[in-house]
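Annotated features, as they stand in TrEMBL:
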- 61-143: domain 'GHMP kinase N-terminal' (DOMAIN)
- Pro90, Leu91, Thr92, Arg93, Gly94, Leu95, Gly96, Ser97, Ser98, Ala99, Ser100: ATP binding site (BINDING)
- 207-271: domain 'GHMP kinase C-terminal' (DOMAIN)
Amino acid sequence: MSNGRKVRVKVPASTANLGPGFDTLGMALSLYAWIEMGEAEQTGFHLYGDEMKDVPRDKSNLIYKVAQMVFDEAGVSVPELEISMYSEIPLTRGLGSSASAIIGGMVAANALIGSPLSNERIFDMATALEKHPDNVGASLFGGIICAAWDGSHADVIRIEPPEDLEALVVIPEFELATSKAREVLPSSLTVADAVYNISRSSLLTGALASGRLDLIGAAMRDRLHQPYRSALVPGMEAVLAEATQHGALGIALSGAGPTLIAFVDRSESRKGELEAFLTETMRNHGIEAQTKWLQPCRTGALAESVNENGMQNQSFLDMIKGEVRS
Ligand SMILES: Nc1ncnc2c1ncn2[C@@H]1O[C@H](COP(=O)(O)OP(=O)(O)O)[C@@H](O)[C@H]1O
Ligand SMILES: N[C@@H](CCOP(=O)(O)O)C(=O)O
């Protein structure tokens, strides 16, 4: 029998790598997915929004599967679930939709059974599934994360994003699966390229931690993945080469792409020029792309009970309408 308990989780999107920090640096962004989960007598899904149209509505759904992993880990049995989800995070574009689904599903499932698992355990379980800690860390902890995965455990440091940092994402219309964008990577690198990336990744971490926005442009350069992925994203090479001349502090492929992410100083006066440059350059290469101004998101996935003490008793859809309007 269902105990009637329900939880809701709001989980942010993320951008991984930030240029040189391949599989280690990530940042949460102000673009969200909302998940409601409750124990049920029969499993059912209510998926809303354009991004959810091709997502499975049976027990093969990622949210259902990760919830069962959490219950197994905690030693409890909750076989039937009612799951609602709305997401504004585009799928397969390099903004961490799979990581947000994994983290959102795990955090919701854990909250539903009284939070027996620590966030650190959830981080390890999510990283084992996603295979790299950069997106899942950002969606779980918020802010900027630096993480290292040894195959069974991820160590992580969270950095508070600099106050003045703002992001412009350029989201091409086409999809690019992370698995496909990993297939084009070389199996080995020269020491010179490894040093190039280690030094910039370290510099970028230091620059973000100390608010040295002036160093971001030089620090975001990469020789480990972007040169190999540029053939998959027409226009990317030109955009990466020239965006800093149009007001960007720095620019990178977001995660495995095809989205590109430019960082700007909030007070930058050439934001319109940058947006026009990015859109037109992509269009000149045959790519239509949508732009969005986003903020670094300082909080990670948050769960709250739906019915407890009369709090949060509005319907999932009414809650979404209020959240997305505001
Ligand atoms: N809410 C969700 N429910 C089920 N599967 C999802 C959900 N969100 C994402 N996914 C899965 O994750 C895939 C996208 O992951 P990936 O290729 O890593 O790209 P990205 O994480 O950058 O959006 C989707 O094609 C889909 O299979
Ligand atoms: N470090 C990974 C990040 C993939 O991010 P996604 O948002 O594209 O899933 C990589 O670069 O492959």
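Cβ coordinates come from backbone N, Cα and C, glycine included.
Excluding Pro90, Leu91, Thr92, Arg93, Gly94, Leu95, Gly96, Ser97, Ser98, Ala99, Ser100, which define the ATP site, the same chain contributes Ala13, Ile89, Gly255 within 8 Å (Cβ to the Cβ centroid), listed in sequence order.
A simple way to gauge crowding: the CB of Ser98 (ATP binding site) has 19 other CB atoms within 10 angstroms, across all the protein chains here. Cβ neighbour density within 10 Å is lowest for Pro90 among the binding-site residues Pro90, Gly94, Gly96. With the fewest other C-beta atoms within 10 Å around its C-beta, Thr92 stands out among the binding-site residues Thr92, Ser100. Listed binding-site residues: Gly94, Gly96, Ser100. Those with a CB atom under 6 Å from ligand 2: Gly94, Gly96.
Ser100 (ATP binding site) carries a helical DSSP state (H, G or I). Helix, strand and coil counts from DSSP across the domain 'GHMP kinase C-terminal' (207-271) read 30 helix, 10 strand, 25 coil. Regional average pLDDT for the domain 'GHMP kinase C-terminal' (207-271) in the model is 97.
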